[in-house]
Amino acid sequence: MSTEKIKNKKYLIITFGCQMNEHDSERIAGILENNGYNPVQDINEADLIIINTCCVRETAENKVYGLLGRLGKIKKNKPDLIIGVGGCMSQQEHVGKRLKQRFPYVDVVFGTFNLHTLGDLLTRARETKQQVIDVWQEAGMEECDFTVKRVPGVRAWVNIMLGCNNFCTYCIVPYVRGRERSRSQETIINEITKLGQEGYKDITLLGQNVNSFGKDIKGGIDFADLLTRVNSIDSVDRIRYMTSHPRDFNDKLIVTIAGLSKVCEHIHLPVQAGSNKILKKMNRGYSREDYFNLVARIRAAIPDVSLTTDVMVGFPGETDADFRDTFELMQEIKFDSAFTFVYNKREGTPAAKMEEQIPDEVKSKRIQEIIQLQNQISLGKNKLDVGKVLECLVEGPSKTNSELLSARTRTNKIVVFKGEKDVIGKILPLKITGYSLTHLEGEGNAL
Ligand code: SAM
Ligand code: SF4
Ligand code: F3S
């Protein structure tokens, strides 16, 4: 079908999962808008709905099946509605089969490696009126290098690498995202320069393990060198990155980050567990002692750094003593915040076949303990900011109170404050006057 005929058609993308997927949805939006579609917020108004899926835990998959059931009902009254399913979940072979059997009204199924072919797949589905399932098994770089329709604002994500080689034994990501592939530094630098000129001032470099950047390029630069180059781009003010793997965080990187003015004082450093036995079974490649040592070196070099983490409870074989090790590590390190996860069996990963799977009630008790501890710590950390004057980038109206503006500190904390809309996009000193678990409160005219 020509672009002409698609005019006035509206699309909606529903995204599950991590920043990587959020950013992929911006690519999908780019493809759809190039094909003549316009965005819409209301599901009932959409002519095309794309679900960008995640499979990191079973709950994410179940949400997609539930949503597909609801979309089936909408499609009964609106037979021309086109439904597409892409992302990590559809990259798995058994999911394609299940979608074919149980959801025949899904028009297009595509994977993470052939997101760029979506325009053609939609045309095929429309012309043949048949379900089109096309999931590539080979990864390339094509999924990266084409038009992106970014969410407007001051923050933007930029992929610096795709895939993961780490094979943590619980994790499905390497199976659905392929091996590590770094983008060329020129492509990255050009993209960031342009983003800065368009008004995106706070750039997050994305990868499952950004510290591995460049390892697959012969004679290439490493992540610390890339940060140095990005830091010299005049059009942007702030640089962030995620995720860093503790095993690959070397002293060169610490010294580089400490010395670069635009690289923000926030490091997301997933620890996953505090017990050496569990870390080994997870194949994380560092010990509890290595992690403490790394945190000490980071804190010595970057005194005001904010540290956040991912932590998991209930991994197979986790005894009460192993759990205590995790709990005590968190008590001691005092992360600014943490994403807490209950281990979930993922078909095809080594941990799914491990003995001593932990009963749900034990997992549930442990996660409650961890959440409670972390909430206390986060609150205490936020309280320490009261009275300080912090450099904040104003992002827009607050999501919870439209009378207020929302800004972000270099340490990645949200500050809400009263201000005029013309300061959006500017960096302001804000005096911190209050705090809660989720954000800080501030006032302008701090200097
Ligand atoms: N690449 C990042 C890293 O190495 O930490 C994180 C990627 S993963 C998408 C985000 C988080 O999901 C992980 O840090 C881990 O804590 C959690 N996760 C991954 N697999 C899981 C599983 N099977 N069950 C529970 N949580 C899981
Ligand atoms: Fe998954 Fe580990 Fe890779 Fe992170 S580093 S994506 S947790 S395999
Ligand atoms: Fe992200 Fe989920 Fe895929 S966490 S990489 S969208 S499996």
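Just so it is clear, glycine is given a Cβ too, placed from its N, Cα and C backbone atoms.
Predicted, not measured: the structure shown is a model, and the values here were computed from it.
Features reported for this protein in TrEMBL:
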type: DOMAIN; residues: 9-127; note: domain 'MTTase N-terminal'
type: BINDING; residues: C18, C54, C88; note: [4Fe-4S] cluster 1 binding site
type: DOMAIN; residues: 150-382; note: domain 'Radical SAM core'
type: BINDING; residues: C164, C168, C171; note: [4Fe-4S] cluster 2 binding site
type: DOMAIN; residues: 383-446; note: domain 'TRAM'
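All features noted in TrEMBL, drawn onto the structure.
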residue	record	contacts (Cβ under 8 Å, 6+ apart)
C18	[4Fe-4S] cluster 1 binding site	C54, V56
C88	[4Fe-4S] cluster 1 binding site	G17, N21, T53, C54, C55, V56, T112, I172, V173, V176, R177
C164	[4Fe-4S] cluster 2 binding site	C171, V173, P174, R177, R179, E180, Q208, N209
C168	[4Fe-4S] cluster 2 binding site	Q272, M282, N283, R284
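Screening the binding-site residues C18, C54, C88, C171 for a C-beta under 6 A from any atom of ligand 1 leaves C18, C171.
Among the binding-site residues C18, C54, C88, C164, C171, the residues whose Cβ lies under 6 Å from any atom of ligand 3 are, in sequence order, C18, C54, C88.
Around the Cβ of C171 ([4Fe-4S] cluster 2 binding site), the number of neighbouring Cβ atoms within 10 Å comes to 21. Compute the center of the Cβ atoms of C164, C168, C171, which mark the site for [4Fe-4S] cluster 2; besides them, the chain residues with Cβ within 8 Å of that center are N166, F167, Y170, I172, V173, P174, Q208. Around the Cβ of C54 ([4Fe-4S] cluster 1 binding site), 22 further Cβ atoms fall within 10 Å across all displayed protein chains. Checking the binding-site residues C18, C54, C88, C164, C168, C171 for a CB within less than 6 Å of any atom of ligand 2 leaves C164, C168, C171, listed in sequence order. Note: the [4Fe-4S] cluster 1 site is recorded as C18, C54, C88; in the same chain, F16, G17, M20, N21, T53, C55, V56, A60, G87, M89, V173, V176 also have Cβ atoms within 8 Å of that site's Cβ centroid.
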